[in-house]
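S.K.: Residues annotated as domain 'Tyrosinase copper-binding' in TrEMBL: 202-219, 383-394. If you look up TrEMBL, you'll see 1-18 marked as signal peptide. Per TrEMBL, the feature transmembrane segment maps to 474-498.
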Amino acid sequence: MLLFAMGFLIVILQPSTGQFPRPCANTQSLLRKECCPPWDGDGSPCGELSSRGSCQNILLSQAPLGPQFPFSGVDDREDWPSVFYNRTCKCEGNFMGFNCGECKFGFSGPNCTERQLRTRRNIFQLTTSEKDKFLAYLNLAKNTPNQDYVIATGTYAQMNNGSNPMFKNINVYDLFVWMHYYASRDTLLGGSNVWRDIDFAHEAPGFLPWHRVFLLMWEREIQKITGDENFTIPYWDWRDAEDCVVCTDEYMGGRHPTNPNLLSPASFFSSWQVICTRSEEYNSQQALCNATGEGPILRNPGNNDKSRTPRLPSSAEVEFCLSLTQYESGSMDKMANYSFRNTLEGFADPRTAISNISQSGLHNALHIYMNGSMSQVQGSANDPVFVLHHAFVDSIFEQWLRRHRPMLEVYPAANAPIGHNRENYMVPYFPLFRNGEFFKPSRELGYDYEYLQEPELNSFQEFIIPYIEQARQIWAWLVGAAVIGGIVTALLKGLILACRKKRNRTSSEIQPLLIESEDYNNISYQSNF
């Protein structure tokens, strides 16, 4: 009954975070290249009258890019979002959103001053009612039109540089499927030509921050359409799993009794239509995915190519990955060796950290193992197992951040593949987020993982830990300074002792030459120090 009731839940949608804001998907905004909608609270652009934000020019990163994309000016996603807009809302303090009408992740309240910390839990630790509620929320999102965002169905050139807008409505769940597609699609070069070696969400440093934002936005959208402010995405801990234990009708849909590539009709996921799965068709037509339904979800877990992915990842492989000290290395793409990011993403061997694109490890292994909609990058978010999987991948990223405590400078500032430098804005998010802004512990973004939770700190610990952390970051310099200081002190002490011995030895010979002979008998010797 809960699933049925949630499917007909009527809610009032609030401003959200996503792709093209509906108030800016028009000729006037595109020709002016400005997206600064008014905030409903005071009617001013970006809530400026309430000091929430103001309309400002976008500041783009000028850092050099890697060599993987040898073109310029051929893809709408270059220097995102400047092809469409070069003025947007810049929000102040803890405000966020395309019109500064929301709070940053981790904050709430009318003035966004209240800190929040929610906990993501293992899906198998949820009660039956909690699990059913999660499934109902997924179905609600699939059947609820998004009130604040639309998707682009043509390139900027096909829109005649803004004079002929091409946008389309989309439901809440499919908005995120489309965004994942849009970030990873090929570049259309005209005719039948495309460039495939480009991806704004994978195969480079931004892989983990990009999907972290994806989950945060998805989580918030569910909170809004359901009114459940405490909702969090559950995760599936797939370490050492023998098979797809979430692939049952009780959870994410079992196997169809007569067609192993389809979901069981007992699961309402079997009625879902996928979108954005026909990349070759779009490429041949030089078109974008327009979110038209393309058939049911496909999934045949375990019947994949065993030579590429023999099994699901192990605990030992995850632990080895966590031991890697470098976040990124070398070419900073899928050929990177000893890179934590590349190993976790699955292009490097999870036992050696050496790149091996003929195999699929860790994150990639799960996608290949599912053997269906999830196995094709651009359309993989169609399968709801996607969010469970990426929540657990994000938890591994979080473990690495807590174990190694990297400074922001560890995230590459330059020479990464296009869209992946530290100061690049993530494609296609709106409002704008830079990659480096999410290279930080999850608790600073308002969430934690149940299996990673640590005891709460008292006030003294909260006060002292930042200073301890600063000292840890510069410990090598402190040790070096101490060693050099010790050597200088020893040298000075040696010189002083040598001078003292020399003076004591020669004082009887030197002294008569410094005074009159008649005063000699009246001299009182004292220490030179």
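Yeah, the Cβs are placed from backbone N, Cα and C, and that goes for glycine too.
What TrEMBL says about a protein is an automatic prediction, not a curated fact.
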S.K.: Looking only at the domain 'Tyrosinase copper-binding' (202-219), report the model's average pLDDT.
M.R.: 98
S.K.: Could you give the number of helix, strand and coil residues in the domain 'Tyrosinase copper-binding' (202-219) as assigned by DSSP?
M.R.: 13 helix, 0 strand, 5 coil
S.K.: Determine how many residues of the domain 'Tyrosinase copper-binding' (383-394) DSSP places in helix, in strand and in coil.
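M.R.: Per DSSP, the residues of the domain 'Tyrosinase copper-binding' (383-394) fall into 10 helix, 0 strand, 2 coil.
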